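Q: Can you keep this structure in mind? I'll have questions shortly.
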Amino acid sequence: MIDYKNTLNLPETGFPMRGDLAKREPDMLKNWYDKNLYQKVRESSKGKKSFILHDGPPYANGNIHIGHAVNKILKDIIMKSKTALGFDTPYVPGWDCHGLPIELKVEGIVGKPNEKISAAEFRQACRDYAKEQVEGQKADFIRMGILGDWDNPYLTMNFDTEAHIIRTLGKVIANGHLYKGSKPVHWCLDCGSSLAEAEVEYEDKVSPSIYVRFKAIDSAAVEAKFNAVGKGSGQISAVIWTTTPWTLPSNKAISINPEFDYQLVQFGDERVVLVKDLVESVQKAVGVESVEVLGEVKGDALELMQFQHPFYDYSVPLILGDHVTTDGGTGLVHTAPDHGQDDFVVSKKYNIEMAGLVANDGKFISSTPFFAGLGVFESNEKVLEKLKEVGALLKLERIKHSYPHCWRHKTPIIFRATPQWFIGMETQGLREQALGEIKSVRWIPSWGEARIDTMVANRPDWCISRQRTWGVPMTMFVHNETEELHPRTLEILESVAKRVEEKGIQAWWDLDPVEVLGEEDAKNYRKVPDTLDVWFDSGSTYASVVEARPEFNGNSTDMYLEGSDQHRGWFMSSLMLSTATNGKAPYKQVLTHGFVVDEKGRKMSKSLGNVIVPSEVWNKNGADILRLWVASTDYTGEIAVSHNILNSAGESYRRIRNTARFLLANLNGFDPKRDLVKPEEMIALDRWAVSCALEAQNDIKEAYDNYQFHTVVQRLMRFCSIEMGSFYLDIIKDRQYTTKADSLARRSCQTALWHIAEALVRWMAPILSFTADEIWSYLPQVEGRSEFVFTEEFYEGLFGLTEADKLDDAYWQQILKVRAESNRVLEQARKDKVIGSGLEAKVTLYANNEIRAMLEQLGNELRFVLITSQAIIKPLSEADVAEGEMAGLAVKVERAEGEKCPRCWHFATDIGTHTEHSSVCGRCVENVAGEGEKRSFA
């Protein structure tokens, strides 16, 4: 008996069914590194239009977390997809290396500077620590398949970068944006330094909530203002509300809104001044039963009326400020210019000076009556005692409210006026210019524009000075008496920058002023001891990196991509500095992603046990699963992750991998140079499959171009699961396995599979980089083929249907519907035990005239499309079964006639009629011993 198995074209490939990614990926990475893949990509893109994504530097401290993974994977997907779209995409990763978190870590290792160790040694220890942290994070980023110039990253502590940061400061000064002043800034008592806006977090804190009386200096004058002479009884007070009693010693005024209506109100046995809209709420809060309005005036009528400070021997004026609202409180705002931005601004208009009572360590200075030497938060209770003692405390409660905290120490911070260096938002029209530049940028998602616009419109001047050891120094000299900058400041800055370029920032601290100032000036000028805000470091990388590095060819940055918290962080600082120095935004597009949460929408927290560690994912599942999860998510909102979600990504991965494996296995023995069939000679279904791939590719390219990666994944899954997996790949198995190996029927099919595989691997590469690289190595080799898929552009060999194709896409879409209806009835027949597999079935399709005419075009090949042994078409009028879910079609399933062919598994009535091949059907005889069956459609 003949063994017909050897006459079949069974699929065969070395491409494994299981990804085993955790094991295979490191070997691929080694190959990428050994062969300098990043450089190969760069060389392949020479001369093409550039696309520059400037990497926002993560902080060089600690292990990477899942948010880092999301950020870097999104960037990598963009860079790889832009390469495939025909761009030159240099990617230089970077790190933020100066600043407080590193100082704190190093202090824990070597002690504080100038105590156990010199400042110079401390800086070197910080540099060494940061370098070590960079190496650890770098290894993790590389493990995720991120391509970039990892051997030459930018570090803000690189000597040349430090020098460029100093030069950016010079441009800020040259353009007139820098000034020195005493203004309230966020001040961390633990850091002993000012904080940037982006270094402030808001957490719940329990604070005293107090209503405080400021007695009228001249009650008769107040009565007169309210046209309430002789009305009511008892003392008159202006009532303020605050949650920071410690700021009352610094009170210098009470702010009111000129447009609001204020009332003099009988409050029990006393009279108080309140804004009209809040009288009822204050009455309720204080617990006063009887209230009577004695008079009412606009706020502007009360300007400069005097009230007594609660416990100090001076009076404070009522001053006008638009910052006063009726959202809460009393409509009269306690104003301490040392401790609030609005307080400072409004006091400045009235030439009210600051009190200067709080020192750098957060304690009241020795000359502060009642509270000398007390820490500000410690003094709260003492202030309350004093208020009670003098009868000024109207009401005390304790409330939990949102309060600013230091991002590093997690401790409450204060607003405190200190002499600092600022970039002025109004100086040289910087604010207006920046607001104009925001409009020229594409913000993705679009709400980002309104967000940063509001932030820029309302932000205070930028305090860029810090009182730290590990940071880029503000390499300036100021006059000992006038505090003015040296007249040759710009020249000096450049001279120092050159020294820093050679020896790093320590060159400044080692510098003898005589070397740059000469002996006479060195006597009259001193070094500024401050360092720059680290947001100045990273914010100036548009100059220190993009403008400075040769691979960017002087091109401007196309995109910044970071988490949504960077609107007030890196996006803001970069915009401010670039506008101040270059007169334009540093980016053309800004893309933001949300924060990672668990599947219930909760933040990652060790206490909740919901933390997903990236390394654990790639060690167990592989980095490609992590990458697929990131790409599958709509990153514009919160990004949910959990083990269940990652398992779901794993299921999607297996579907894509299985599709790729099917393609590769069925390309066994196919040589494109020898076996490729011309499009016009291909079988109709194969031509349609290639046209489906072209349509999918167009959708995928558009989605990549618009950074809609979840759409890419959805389209990829639809193509693999629906158009290919449940239709085309199912149908072609019979033709692929049973026809002659070199027949047109089979080579046409393999041609389609080859085109599809060449396209599919490129679609996958930006997301499933490791798997795409693996697939690429198993594809049939073509002369001149690149070694890596990452140097390739999207496949150009796909083609669409033409007018010459009688069976157009609309036709095949109808066939898909017919097949879906047939499958539904076949499945029911399986459940009813009428048949086992579809090949045991004979289907009769009762169709209306339109559907019948369509089906008849396939002739005898309809059964191959339906994957049944027999298919008969009859008029709908003859149906003895009901119409199904497709109007105009009724499907009847019966057991197929004849016997099962052991070679093709189809049932046939002619088995045994062929002398030499008596055990197989006539079709198989033709494919084994004859010229081979002819196919036209499927």
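Heads up, the Cβ atoms here are built off N, Cα and C, so glycines get one too.
Positions annotated as L-isoleucyl-5'-AMP binding site by Swiss-Prot: Glu562. Marked as ATP binding site by Swiss-Prot on the basis of sequence analysis: Lys606. The annotation Zn(2+) binding site is assigned in Swiss-Prot to Cys901, Cys904, Cys921, Cys924. Among the features that Swiss-Prot reports, motif ''HIGH' region' is placed at 58-68. Feature annotation from Swiss-Prot assigns motif ''KMSKS' region' to 603-607.
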Q: Return the average pLDDT for the motif ''HIGH' region' (58-68) as a whole number.
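A: Overall, the motif ''HIGH' region' (58-68) comes to a mean pLDDT of 94.
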Q: Note down the number of other Cβ atoms within 10 Å of the Cβ of Glu562 (L-isoleucyl-5'-AMP binding site), including every protein chain shown.
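A: Its Cβ shell of radius 10 Å holds 21 other Cβ atoms.
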Q: Determine the Cβ neighbour count for Cys921 (Zn(2+) binding site): the number of other Cβ atoms within 10 Å of its Cβ.
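A: I count 28 other Cβ atoms within 10 Å of it.
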Q: Can you give me the same-chain residues 6 or more apart in sequence from Cys904 (Zn(2+) binding site) with a CB-CB distance under 8 Å?
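A: In sequence order, the residues whose Cβ lies under 8 Å from that of Cys904 (Zn(2+) binding site) (at least 6 apart) are Asp734, Tyr737, Thr738, Val920, Cys921, Arg923, Cys924.
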Q: For Lys606 (ATP binding site), write down the residues of its own chain that are at least 6 apart in sequence and whose Cβ falls under 8 Å from its Cβ; none is a fine answer.
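A: Once residues fewer than 6 apart are set aside, Lys606 (ATP binding site) is near nothing.
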Q: Would you list the DSSP helix, strand and coil counts for the residues of the motif ''HIGH' region' (58-68)?
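A: Tallying H, G and I as helix, E and B as strand, the rest coil: 3 helix, 1 strand, 7 coil.
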Q: Other than Cys901, Cys904, Cys921, Cys924, which residues of the chain come within 8 Å of the Zn(2+) site, judged by Cβ distance to the Cβ centroid of those residues?
A: Thr738, Pro902, Arg903, Trp905, His906, Ala908, Ile911, Val920, Gly922, Arg923, Val925
Q: Indicate the candidate from Cys901, Cys924 with the smallest number of other Cβ atoms within 10 Å of its Cβ, considering only these binding-site residues.
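A: With the binding-site residues Cys901, Cys924, fewest surrounding Cβ atoms within 10 Å: Cys901.
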Q: May I ask for the distance between Glu562 (L-isoleucyl-5'-AMP binding site) and Cys901 (Zn(2+) binding site), taken between their Cα atoms and rounded to an integer number of Å?
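A: The separation of the Cα atoms works out to 61 Å.
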Q: Helix, strand or coil for Glu562 (L-isoleucyl-5'-AMP binding site)? Use DSSP.
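A: Reduced to three states, the DSSP call for Glu562 (L-isoleucyl-5'-AMP binding site) is strand.
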Q: Going by DSSP assignments with H, G and I as helix and E and B as strand, what are the residue counts for the motif ''KMSKS' region' (603-607)?
A: 0 helix, 1 strand, 4 coil
Q: Translate the DSSP assignment of Cys924 (Zn(2+) binding site) into the three-state scheme.
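A: DSSP call for Cys924 (Zn(2+) binding site): helix.
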